């Protein structure tokens, strides 16, 4: 799993940079016989675009039309690898002279240069958030596999700029601004985001992901635990700085008598475990949260150094989102779907002889 | 990485149950020429044993003598796989009738049975914390590799039962009770632990891990990011319910102008990023925290079900630790060391042509 | 390595079918800083096309223009994944009714249907030889990496239709018909091929691959031996039915005193080992041979069954090559290059601490 | 698959040297619920020992008692990793001064030293044929999984020192000397082996492996083809220099009209394909052959160099087998079983949605 491939049986390999020819991916290991066409993937990509972002997202136009290049025949998957491609149509020939010679604070410019010696300085290249287009496209296919098993996945905003959602109606979140589980939160968030925008700053927040109707038995002890895979999956998304499962950070402050989830003939009485015990799914909802840092590109002058190590200051221009939320929600949902699709395939035979 | 192997080039494969013949592992991919003998590994295993645990750990005697079974010749590694084995000497022939027929709350009993159909009910089997003996043994070898590169790793307790350490002297933590970075914290923790013990309950806490002198360039974008690997590594340890990097959960409440780490010719001015930008190490200390849930085995009657789904109550007897901390610290440190050893080997050629 | 990805550190993932949108691939793990542009890859693809095939290849026009979609910036690789795509421009809207309902003998029709339930019946789909376009494109990049280390690879025809080459001038083979190492062989082969063509039949042959200037030390005992990887690599090419290393099948008929390669201060006196001892390269030329079966599509009526299991006869029309040689030579050379590129990256750190 | 792990879902990781503490392995990914105890594995190990070797094998006593260290509880596998260990009891404290300072021709001494810088010079260390003890132990477990699916595997000698078996009664081969499929061959082979032994030389030969009742659908195009995996598996065994599938090398000399296997409603009319079409099993017997080189340790003086590169001559003393056959047969059978076990697990979900 070094580099550009995610998963072991259901595998997504991605490529592409923000200002190159486009973004693409290969889904290998998808079983045959699953109905699939471009419109199914397109629908997910469209949700990643501005519109549901309240005032936090720019209105930059990115058509992001996906093209299936292989692996589907007469409307169903054939078991062969599914090639995906989304052309970059919006890369104007910017003047990159400002950022070519400096390292933007909070971005990967410094470390990419340190690692590779060369760097595609046009808008972040591979380290741009635009890389996640491939994840959403792959995640859309994973979700089609999950559907076959009756599993649904959600990603909804539970906190933005420190302001929490107070109701968790996750099923309703899909159509609300910010993918909000609380009908009243978007108004509050929009107000605060507008204020922060005026102050030329950016915001972080917290996204909860959830999978329902997950069968008992997913996850491979000891290093391939379900929760370890979720942590990997969500933390691999650029802006995420913390991941928690179930009660998460709060579990560290509880006592054993509070944190244990009692079992009854009707099921568990609580879900502090987040649907995972001993690294294996318990049949409860799988629940995790990703903590998202504020976008590092701000309309303020920042202290940094040139590629030659000289002190300088930089002001990053252009229109930028105020928060990675809610665009990142689609990405986090995709990563959860990819993780579960992979585990479904692995478990079916490793669990036991059936 | 499904199952019992961790890592891609520096790989630890483990086996063993709490009440079987013993715990073991195979380290494959360790370069040749590294000085190694059993005493080096034994020293790490000994630190996992009670003694540094304040009043939180039992005094159960586990000699845990490691035996190197291959891969070392005339005092150095040969590049061939290193077999490790620690015999279980302390498994008395308990009466397991109490737990054989029920699922213990907060343990993997329910999910292992659901997944595999059979379960080694003697003390948790593979899902027992005792499994981590193999991780510590493998981690000791990883640390020898890190030494060759000048890298050190630490794991120290920054919070126990909600009570924080107030000083972060991590270099001094190695010899203190609870691997405490604060000379004054162990006294407070011991007092609180004693009280909770009297109340027949257990506690969680927070462990910070740190690697110093990490070279720039470790980590493989986009799915093999350094932080994603750390999240995977730490979350794969049984009791961990959340992982954060650098500012972690707090980053979600900061603004961009606060969270960005300014660069200067003398280096970064802060380390909210936790030493990782764009998934690649920046040369700063790599800093992460693991949130550890309270031990689920408590001396109280708990509601649960039998393997046949009938309602019942269970009281788990025996002497148990009050907290997984500080034993788990050695395990978390090992996982960090294994992660870095692996990335060191991967990076050396993938970074660039040198 | 199940499915569509080859390699562990230098990894090629491919996709595409003979009659879909096109063929593509992703090379992940290529170090940064290697000069690369489309013309370098195109040159290899062009050699796969008819022209050097004597009378054995059809003259079907396949422009096969490759497009690099990512991973290259300002003329060099950036360390990020290299996306490749070759559009299918020649798929006329054939009438597939003949082969849609039957299984062609010697093809994968029967087994693909058995495995996947569905099948892209247009010209073989994923099981078509056209799939190898992606391998040649990826192999071209691998060869650029090998060049940095001074390694060259060759694939030349040593036997066609049972008629052997009698001279092994492999350096001269590159520009001869059939990639022949013998200046006189092409004339003999052309004559025999013409005769077999008139008889509406097809031919197999033997291709030798060779790598020169291979450093000592490539290969990872015990399962990742260099020779095991070559066997895997070459046998993964559709028409290959046997692979041998060095003396190969002949070694089984030699005595130990004949087969051992004596060492002298000036080097080995013979190369029965094919440049590999104990699974590790010895510094001699690495030499292997692939035995290629005759093309199964013949202009004769053949006995087979329909998809419903009914007896039938089929005559496969269209223009087909008489032999997979010499087109397959480019593919076999690519597989050797990919194998060595991967091992170069793996060895650099696993060998020893340097 | 670099190094010491074979397989992807059913995975064997091995360790150990000929003159270290012992040989061991970990089987990870074995489904739960399969009956297993030490006697099942021991039976396979015992067949690897001298006795069935005719006069070709030494009578060196190797008790080779296997111990299961984990993964089995109450007589069945639990789904957790199965630890295996066989102690070395026969390593007398030899005088290794003869071979410590020189490189034995035909052995891995030269390349191990070149790769790792250090070498366990006692009897070959990791490159000794004794390494295969772990493979046979792991293969025994794989065979128990195959049994559940009704699949049987065989490995029988079809040629020794150039003398072929003339009858292929593979089912009867199990109990004959040399695992001979021909009741009359062992007498001929014994006579020739005795003669070669007197001449202080060694012999190679050819082993055919076969799997019966293989379901349709195993193998993952395009790089994970069934035949490519078999080639990898068999060629990873030390002495093997060539691998062929079905008609193998002979296919290269046949015409298409001869080589195609006609299909009928009752099945295929021939099996030139060796049970694999397009990399996927067809339901016919899977048949492959491994060409085994003569044992390099001969009782003759051989030309070689010292570790310092000086010319010298070496006479390797001690009792050695005259041929790797038939001991190697058990190893080759194990590798086939491991390959099929892995593919069975992979296929069950990748094939199609069922």
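One-based numbering along the chain as shown.
Here the Cβ of each residue, glycine as well, is placed from N, Cα and C on the backbone.
Looking at C:43-64, C:65-86, the range tied to region 'Disordered' in TrEMBL is C:43-64. The binding-site residues examined here are C:48, C:126, C:293; by Cβ neighbour count within 10 Å, the least packed of them is C:48.
In this set, none of the binding-site residues among C:48, C:128, C:293, C:295, C:297 has a C-beta falling under 8 Å from a C-beta of chain A. With an 8 Å limit on C-beta distances, the binding-site residues from C:48, C:126, C:128, C:293, C:295 that reach chain D are C:126, C:293, C:295.
The two recorded residues, residue C:295 (FMN binding site) and residue C:48 (NADP(+) binding site), show a Cα separation of 16 Å. Around the Cβ of residue C:295 (FMN binding site), the number of neighbouring Cβ atoms within 10 Å comes to 24. Listed in sequence order, C:17, C:18 are the same-chain residues six or more apart from residue C:128 (FMN binding site) with CB atoms under 8 A from its CB.
Separating the Cα atoms of residue C:48 (NADP(+) binding site) and residue C:126 (FMN binding site) is a whole-number distance of 18 Å. Non-local neighbourhood of residue C:297 (FMN binding site): C:104, C:106, C:107, C:202, C:316, C:318, C:320, each in the same chain, at least six residues away, with C-beta under 8 Å from its C-beta.
Residue C:128 (FMN binding site) carries neither a helix nor a strand DSSP state and counts as coil.
In this entry, C:126, C:127, C:128, C:278, C:293, C:294, C:295, C:296, C:297, C:319 make up the residues listed for FMN, with the farthest two CA atoms of the set 46 Å from each other.
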